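These notes are about the structure you will find just below.
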Amino acid sequence: MQLDAAMLVAALIPSWSSVLLLASYLVYLAVAGTILPSKIVPGALLSDGSRLHYRCNGLVSLFLLLVLTATGVYMGWISPTAIADKGVELLSATFIFSLFVSFVLHAGGSRSHNQSSSLKPYVTGNFIHDWWFGVQLNPHFMGVDLKFFFVRAGMTAWLFINLSLLAKSYLAGTANLSVFLYQLFCALYIIDYFVHEEFMTSTKVGLHAGLWRSSFHSIHLQYTGVVAFTKQSGVTKCCCNSKLLDFCVFRGANKQKHVFKKNPNAHIWGKRPKVVGGKLLASGYWGITRHCNYLGDLLLALSFSLPCGASSVIPFFYPIYLLILLVWRERRDEARCSQKYKEVWAEYCKLVPWRILPFVY
């Protein structure tokens with residue numbers, strides 16, 4: 001027992017190779033995001049009238065990294081299980097790096113004299129609150145929007161962590177239906193995210209995600225790699241149908257919101273949109289629940305856990321965690337929208353009474 005604890009503590013101390021691997025990954029993303037061909041997408045209009053512009057080239061960056069990694073594996077320069085073998089070390093290195101960046105951003109942002117909406121410091125005086133939520137709306141480093149950058153880093157890392165775990169499972173002979181099913185679901189979701197990366201420029205929720213999310217997502221693959229999965233076709237069909245439905249809600253809600261912001265007169269589900277007070281969309285998914293994008297996110301998280309079966313609660317850690325997070329976030333969103341839109345928001349709430357899940361909450 002003492003030996004196992006000592007080994008765990010030793011593994012939590014990042015080696016230089018794990019630090020180099022993480023640093024190389026982040027440097028690649030920063031360089032690729034800057035120099036690769038991209039679509040320039042305008043962000044949301046900020047309170048001071050300014051607007052950020054984003055270089056949406058995540059799909060090109062992702063495929064280039066896949067090609068470079070595959071070449072390295074083929075030539076024998078790197079092991080296909082390198083990430084899986086250094087999993088705990090990389091998690092520790094990422095955690096330390098994240099803490100360092102958060103404290104630097106808090107210190108730098110608090111001392112900023114910039115009065116633009118993106119970089120103006122919003123300091124409450126409560127250190128925990130300011131450190132957790134951030135004091136700048138869109139912090140930058142060398143011209144890179146850090147929130148947008150770390151969302152991309154997390155999504156890309158998710159795929160590569162999974163691929164490395166898949167390689168390790170395959171080489172160990174433990175790969176099963178649930179492993180491949182989960183891998184397929186994740187790959188489709190990640191690729192779709194980058195195909196529609198510009199949607200994230202008009203959503204606040206997506207830009208709050210960070211590099212740490214990939215570690216939670218990969219819990220499913222680590223679990224399914226060592227647990228047998230039933231091969232009944234009915235279960236497989238259930239998982240696939242659930243994934244399809246969940247994906248339609250998730251992607252459809254975000255797309256409708258993005259299209260509405262670009263063109264308030266664009267048809268939704270074949271009809272002119274219903275708009276409350278000339279500001280709030282009340283058609284499509286947004287006419288069913290007030291936070292239908294959260295519902296889609298929760299359903300997707302659940303669909304990633306379903307291939308693992310019900311023999312353990314471990315694979316369901318992420319959807320449970322996300323449920324708590326999004327309910328808490330939804331409450332903050334409701335308070336902010338009520339203050340911002342006042343009677344318009346009250347009218348919208350009467351028209352759309354359900355917060356996240358219709359007829360339940």
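Just so it is clear, glycine is given a Cβ too, placed from its N, Cα and C backbone atoms.
A TrEMBL annotation is a machine prediction, not a hand-curated record.
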Which of these ranges is annotated transmembrane segment in TrEMBL: 16-36, 58-78?
58-78
The transmembrane segment (58-78): which same-chain residues, six or more beyond its ends, come within Cβ distance under 8 Å?
28-29, 32-33, 36-38, 152, 155-156, 159-160, 190-191, 193-195, 197
